[in-house]
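Below is one structure, written out as structure tokens, with a few remarks after it.
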Amino acid sequence: MTKISKIIDELNNQQADAAWITTPLNVYYFTGYRSEPHERLFALLIKKDGKQVLFCPKMEVEEVKASPFTGEIVGYLDTENPFSLYPQTINKLLIESEHLTVARQKQLISGFNVNSFGDVDLTIKQLRNIKSEDEINKIRKAAELADKCIEIGVSYLKESVTEREVVNHIEQTIKQYGVNEMSFDTMVLFGDHAASPHGTPGDRRLKSNEYVLFDLGVIYEHYCSDMTRTIKFGEPSQEAQEIYNIVLEAETSAIQAIKPGIPLKDIDHIARNIISEKGYGEYFPHRLGHGLGLQEHEYQDVSSTNSNLLEAGMVITIEPGIYVPGVAGVRIEDDILVTNEGYEVLTHYEK
């Protein structure tokens, strides 16, 4: 079943006339055309009969024509009201309620004479949750480039280098491999600075005998990777190394349990129980992982409350961590494809 037919099914389920998609990444997912419209209207209208209409600034029309999108294009000037160029009466419209602003909703009510709204967010999330072979290949390449980033960063480590200098070196060097954009702000944290799970790299200088935490990802043809490694620089304290070994055991055990039909919460429990049994449960303050694709964090989450089942074609992260203030912060993260038989680890830098 195609993406569009899934949306049409949801329109029928909710007795709606059309769906209005405005998140740029979701528009790209359905059309193959990517735009960052800023304050301008950029939206895909999917009607119950399968017709697709893309609203975009007139200056982008030629680019849309050159894209895979084959539906109707409504290009508008900044001085024009886009809705006046495509007059419609839509009784019930499905929207991305998590994204659409109140101001835009008011425009839809007046522009399309909308009487009521429904939600299409979950349907789109479920579609994006299962990756096609093409999407998997792009994520696999993004993961390969993330491995290269870690390699670049580790080779640059030396006493007195700052966290910020390592970040800059990684992001500048990886451009030589065709990377134009990272998935998120690269994180490099030294020693007990890594005890802050989302710490900000700064001017702290590297000293012998501490761990270095790398958390980074690369975007390849719109698809993200997201991986973490915690690397020894010298010989960290015995407690820090003990923490590392516990995190590695938790991650390895959770990954080995991955296969279709297993509840996501069970995977979280495996890692969390290992960490808790070793006395560090209070120092593991976040979920075990999350979905990965067009965004570095997307549906679904690998958490203790998610009863949904793993399915072949999902790509998730597994990233247990222990963060002890004044001692160390250790996190290890890999990107995992759920296969028909079990799993495939997409990130490979040594642990």
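Using N, Cα and C of the backbone, Cβ positions are placed for all residues, glycine too.
The model shown is predicted, which means the values in this text are computed figures rather than measured ones.
Marked as Mn(2+) 2 binding site by Swiss-Prot on the basis of sequence analysis: ASP215, ASP226, GLU333. For GLU333 (Mn(2+) 2 binding site), the same-chain residues 6+ apart in sequence whose C-beta sits under 8 angstroms from its C-beta are ASP215, ASP226, MET227, THR228, ARG229, GLU251, GLY289, THR317, ILE318, GLU319, THR347.
When secondary structure is read from DSSP and collapsed to three states, GLU333 (Mn(2+) 2 binding site) falls in the strand class. Annotated Mn(2+) 1 binding site per Swiss-Prot: ASP226, HIS290, GLU319, GLU333, in sequence order, evidence recorded as sequence analysis.
Taking the mean position of the Cβ atoms of ASP226, HIS290, GLU319, GLU333 as the Mn(2+) 1 site, the remaining residues of that chain whose Cβ falls within 8 Å of it are MET227, THR228, GLY289, LEU292, THR317, ILE318, ASP334, ASP335. ASP215 (Mn(2+) 2 binding site) falls within a strand when secondary structure is assigned with DSSP. Of all the Cβ atoms in the protein chains shown, 27 others lie within 10 Å of the Cβ of ASP226 (Mn(2+) 2 binding site).
The Mn(2+) 2 site is set by ASP215, ASP226, GLU333; from the centre of their CB atoms, other residues of the chain with a CB within 8 Å are LEU216, GLY217, MET227, THR228, THR317, GLU319, ARG331.
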